[in-house]
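> The structure's right below; bear with me while I get my questions together.
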Ligand SMILES: Nc1ncnc2c1ncn2[C@@H]1O[C@H](COP(=O)(O)OP(=O)(O)OP(=O)(O)O)[C@@H](O)[C@H]1O
């Protein structure tokens, strides 16, 4: 196919205001393409030389594109830049400069064979693959040779393409419809294949050469469209919807990761199927050590954790991984844990049609849990109260709630069905004041904190029973000096068992006589079955906890343990919290 033909179709697509017309224009273009070039036509229309999840970049900025144009047209770079400024469209600048150019090179437009789609595509692929020393010059030479041979209108689209500003507004679904129309295949079949293998160039080639779409299989290295969840806000509704029994899993607050293990190594894809492997070298290493399979596709959530305590941190802390030059430092400051919740392919076996409960068993068979790779915490539950208790536990330890799943459901790629239901709160609360809590126990430190305590078990005071009830485990906010000081002041208070005036469901590594009081602030006060403060006061079997607690730096030496925040005050604070709508 001549490139000019593609360009004509693009101009028509650009000028239409109706989606149905857009589909028709594309379908008639596809019909004219040969099977060996249809993929190239499609990639060029979509503005990416390969499916986006391959992460291939052209590496051509506006400056470089203008330099190539200058070389091809003989127009000065300054002139081109002002043309670009004036029109605001690099394509228009290219078109005008090509139209008025005297073409200094050997090749003069109109005096040689017209450009073919394949030539344009193959040259652009070379531009993308040029790397190392001399890559810039190579890119300029390749591009200017293309401009030198293109008509003004062709040059316009090439320029827009290379700087990533094609902006035709053609979505993957539009291409699917046009392909179905052009080749007489069912849209649903194409869609299914796309969920399994989201590479429209590849799929187009198959249908154009008359190959059946059911040949498209789950393939390690090629991301599948993720299964998504619906949402409900009561445990009884959720159980009813799932047929009475659910696999309830913690809903971790991190980045969704689709992990592919194949001959070529480990690759990680995001929720939007971008290749994010480079951001998580630590996860790659941990996966290699923990997963016993030659080939596999696993799903999980990557969560940032406090390096000193291992406690989960909010999702925002993963942002440090997004800047390339910060990854190494971020690995140390914000290490991660991968919580795996599904497996959809293992050593040649496609598990997408197997029930979730089977996939869960398979997951535990192939994963050897470590500090960095764990299986998402889950329970099989069939009564709403137990689901609620588990939900409150999940929130109090720093997750967003639960995802409840049908034990018999298949892995539905790309679908947002009722087999996965998220159970989150509609709002979160904001803790409005600090609290003064008593240190009743401690947990040994790891890493930098080895030899000291890494986290402390804190309690509120109840004057009516003269007891201390636990509300949180805190490890954040302590400087190195604080940790040393805490160790020293707690040493004389060490006892071999829980103090009789302390009520705790948690087992600390070390127990103390309740005496030291410290000031703590948290994100909010939540319900939690893990702590004994106000147990049953709001809900049966559930107490109150401080979520994401941190030490403010204030030792309340002016307060004895009986002057610490009381359980009644904790309840009052819980009730008075500001309720803030949850972002969706
Ligand atoms: N155990 C789990 N099972 C499935 N997903 C989980 C689990 N834990 C955490 N998640 C995350 O929860 C997400 C779904 O809920 P959430 O409301 O946070 O996502 P969203 O981006 O708003 O919506 P969605 O991903 O459903 O479009 C998943 O995409 C995944 O990243």
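The backbone N, Cα and C atoms fix where each Cβ goes, glycine too.
Among the features that TrEMBL reports, active site, N6-AMP-lysine intermediate is placed at 251. Per TrEMBL, ATP binding site is recorded for 249, 256, 271, 301, 341, 416, 422. Residues annotated as domain 'ATP-dependent DNA ligase family profile' in TrEMBL: 329-462.
A description of the local structural setting of each listed feature is requested, covering burial, neighbours and distances.
All chains included, 21 other C-beta atoms sit within 10 angstroms of the C-beta of residue 251 (active site, N6-AMP-lysine intermediate).
A strand conformation is recorded for residue 416 (ATP binding site) in the three-state DSSP classification.
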> What does DSSP assign residue 251 (active site, N6-AMP-lysine intermediate), in three states?
coil
> Around residue 271 (ATP binding site), which residues of its chain at least 6 apart sit with Cβ under 8 Å of its Cβ?
226, 255, 256
> Tell me which of the binding-site residues 416, 422 sits in the most Cβ-dense spot, judged by other Cβ atoms within 10 Å.
422
